[in-house]
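Copied over from TrEMBL:
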TRANSMEM  B:6-24  transmembrane segment
TRANSMEM  B:31-51  transmembrane segment
TRANSMEM  B:57-79  transmembrane segment
TRANSMEM  B:91-113  transmembrane segment
TRANSMEM  B:133-156  transmembrane segment
TRANSMEM  B:177-205  transmembrane segment
TRANSMEM  B:211-230  transmembrane segment
TRANSMEM  B:237-258  transmembrane segment
TRANSMEM  B:264-282  transmembrane segment
Amino acid sequence: MAPAFDTQPVTAPRLRVGRWRAAGLLAVLIAYLAATAYVAHTDLGLQSLVLVAAVFGILAISLDLVAGMLGLYSLGQGGFFGIGAYATTILANDYGWNVFGLLALVLAATGLIGMAVGAMSLRVSGLYFAITTFIFTLVLTVLATDMVTVTGGLQGLLGPAFPDFPTSLEWLGTPLVWCIMLALLACLCLVWNIRHSPLYPILLSIRDAEPFAEAAGARTAAIKVGVFGVSAAMAGGAGWLFSFLGVVSPSQFDWSVSLNVLVMVLIGGINTSVGPVVGAMFVSMFPNVVNINPWLQEIVYGALSILAITLLPDGVVGIARRALARRAGEIAPVADAASAEALPAAPTVASAASPKDSEIIVECRSIEFGYGLGPKVLRNVDLAVRRGHIHGLIGPNGSGKSTLANVISGRLTPHAGEVLLKGTRVDGMPASSRSRLGLRRTFQAAQLVKELTPTQNVMVGLFDRVPRIVGRAPLWPMLASGRRDLAAMQRRASEALGLVGAGDWTSRQVADVPHGIEQLTQLASVCVAGPDIIVLDEPATGLSAKEVRHLAAILANLKTQGVTMIIIEHQTRFLFPLCDRVTVLNAGEVILTGSADEVRADPVVRQVYLGE
Amino acid sequence: MLQFVLSGVAIGSIYGLIGMALAISFYVTRIINFAQGQLMMVTVMVTAELASSGYPVWLAALAGLACSCIVGILSYVIAVRPILLSNRFSFGWLVSTLGFAVIVENAAAYIWGPTSQAFPPILNGISLPIGGAVLTAQQLLAIVTAAVLAAGFEIVRRYTLFGKLGMATAADPEMASAIGANTAIVAIVAFAVSAVYAGIAGLLIGPSTFANPYLGDTFGTYGFIAMMIGGGTERPIAAMFGGLLLGVCAEGANALINSQASDWFPFIVLVLILIVSPKGLFSTSNPLFRPRRAAVTRG
């Protein structure tokens, strides 16, 4: 398949655009600092309005970090916020601790508590995560109300005073304004950096397609707990800031605060960089702007939040972004409408010589598996795949093929038996560790992030090939190594897409590409990591005849590079010419393993599977 | 000992009713209606208002329940259905039902003012000695009503076509509508029923708490705890068990620790239970207690 391997035109680094963008960012930064200076010199009323909005902005960013990027709707932000504020107030007022020392303490403590709460509530997913964190906040509010001697009960406590500037810096104005506004800026930067790092597609894939992220080597549970810890620390830091703004009392941290923060994020626009801050400004300034009877005001607020959720599910920033995209779309009409049909012509299948007696690279020994208390789905299954072979796995629906693939790749743990990869026993290992041994897989129903481009999805496949993605993500675009690695990852991802013949689709959202391209994107995300072993679960499902021929060519080519493949497939006309060995499963048992010809000739196989 | 168990069961059956109300609407729509406590409050306020303007108590109570019902259906139509229809946003209901609760609560405060008003006594005067303890007829009425409503719900759910329709809608709304169920009607009925359950809880507790627009907050929270302790998210009747447990814990804490302990003790119980069994004590996933029906996990 020579033509496809010619280097695809690599997107040239758009230096000029980058420079314009840097200038724009610098201008925004200067404007931000100028506004801060203005607020630092203005009257107290406006100051407190802005500062409260900014503190809630940080809180909203902390929620968006977990809700927007990981899909974890935490209602615990109010609780972490309260821990930060109470710890600061009590330790500074009663024990005279240094407030900056307290900041470090608060960040560490809320981060750790967040990780503990996260680890506990992640046993249950989705709604239960929201409920557990909700209860966390509820319990803290009750404690703050009832431990009157420590917390002052419902009356609350007067927060500590923020230290003054040294005389040489007094011209800057109110120090607290600078502190809060710089903290907000730091949080905005943190999230913006993550959003522009390769961690971003990985986080979204954990949110939308967790098996995909796991198969790419991401320890999804650890990442979730870690990010939740960061989010909790951010909320705790917001509490630290809040304690300087006046009285700290239970009603400022109860569950309705957690929900209000969610309202802020949703109104502003979930999973956007500035949306949460826009929402926080709106919600926290609302009572000051709409100055009517307090009950009527609450009624209007309730009505507005319902309207915002039902009418603007993407939030203000989401709407704005869509409007901008539409305008951009009008200027540059869709270029690849014509090329949509054109897959590169499939080269003829090269009959690659397969190594006859190479060593066994994947081995299953007497695997037993069943779902729940139901009947056994796999019974005493033995499978041995030699290095460099393409091993077919066929059988009627429900015969256990996908289950076996899941056992090999680590999605499922067998009840009995052993799985060996390259001689290492792996049946106790999570999927992410098997990826490090060079095993990758695709899924029958493509597991991809719909709102990202195929390129970004393929970058997920590079997760364990690039060092320290998670550690570097908070500073990514500021690091030279980060920019270099990101460019390299993007190049490799679009090359991989080009190699599988999806090079024309790199910049569309996956939601907008046809099914065949989704399948090819999956394949590219696997190939890009250069694995030794690939498990393909029905790769040809839903492809057109032409696409199937193309796929066969890609797989044959991978084989010439020495990649071992286990392919589950129903289309024997596609599968058999590729295979060195074929294993036939029926009702959870291996009927036969042999060459394609032997399998085709076997009377039992003809009866149970080929239907004769 | 007997005294706090009995009064715990009495208050617990109120919590259980609200928990069941939450669980019934959750059961069909998979959302938690944060306005549930406010639905209870609507019944209490309307009943108090009508009774004080001279209508007979039974009529006032019926009108109160009808109002709750209407508000409950409104909460579905306004705050839940649009969210579930757009479906793009699976957690928007957290915000919209809370927004609805804020509207109802503050509208009540605007109409009736934030202070408590008299509520007609229903059976408060009579008291019955049981063993060494005393139970008012009001408390006994609460226990009996809760038992009847809980059992009634379970019978309807299991043995009538409509109950099975609810189960089908709960399991898979698309499939249910494919076989001809009108899932919107099922959901509306569920919200109406849940509003009635909450309203009845309000009628039963009204004589002791009086009518206050902020009643919904406290009782909504306790109902929520009842549902979570019990595991009402899987089987609504489990919320009733959770409520009884909660009531006994709260009264027991008051009797055995100190008179303020009911403010925090139930929360400790809640946390402990959720650590052991995140989906509730009487749920199918509780490692300590598994109902006989084997859980069929999907692949």
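Placement of Cβ uses the backbone N, Cα and C atoms for every residue, glycine included.
No curator has checked TrEMBL annotations; they are predicted automatically.
Sequence-distant neighbours of the transmembrane segment (B:211-230) (same chain, 6+ residues past either end, Cβ-Cβ under 8 Å): 12, 14-23, 26, 32, 34-41, 44-45, 47-49, 101, 104-106, 108-109, 112-119, 198, 201-202, 205, 238-243, 245-246, 266-267, 269-270, 273-274, 280-283. With a cut-off of 8 Å between Cβ atoms, the residues of this chain six or more beyond the transmembrane segment (B:237-258) that come close are 3-5, 7-20, 22-23, 146, 150, 153-154, 222-223, 225-231, 265-266, 269, 280-283.
Contact between the transmembrane segment (B:133-156) and the transmembrane segment (B:57-79) does not hold: fewer than three of their C-beta pairs are under 8 Å, each pair 6 or more apart in sequence. Residues 11, 13-14, 17-18, 20-22, 24-25, 27-29, 33, 36-37, 39-44, 47, 61, 64-65, 68-69, 71-73, 75-77, 80-81, 122, 138, 141-142, 145-146, 149, 153, 162, 165-166, 168-169, 215, 219, 223 of the same chain, all 6+ positions outside the transmembrane segment (B:177-205), place their C-beta atoms under 8 angstroms from a C-beta of that stretch. Beyond the transmembrane segment (B:264-282), the same-chain residues lying 6 or more positions past its ends with a Cβ under 8 Å from any Cβ of the stretch are 222, 225, 227-235, 238, 241-242, 245-246, 249-250, 252-253, 257, 288-289.
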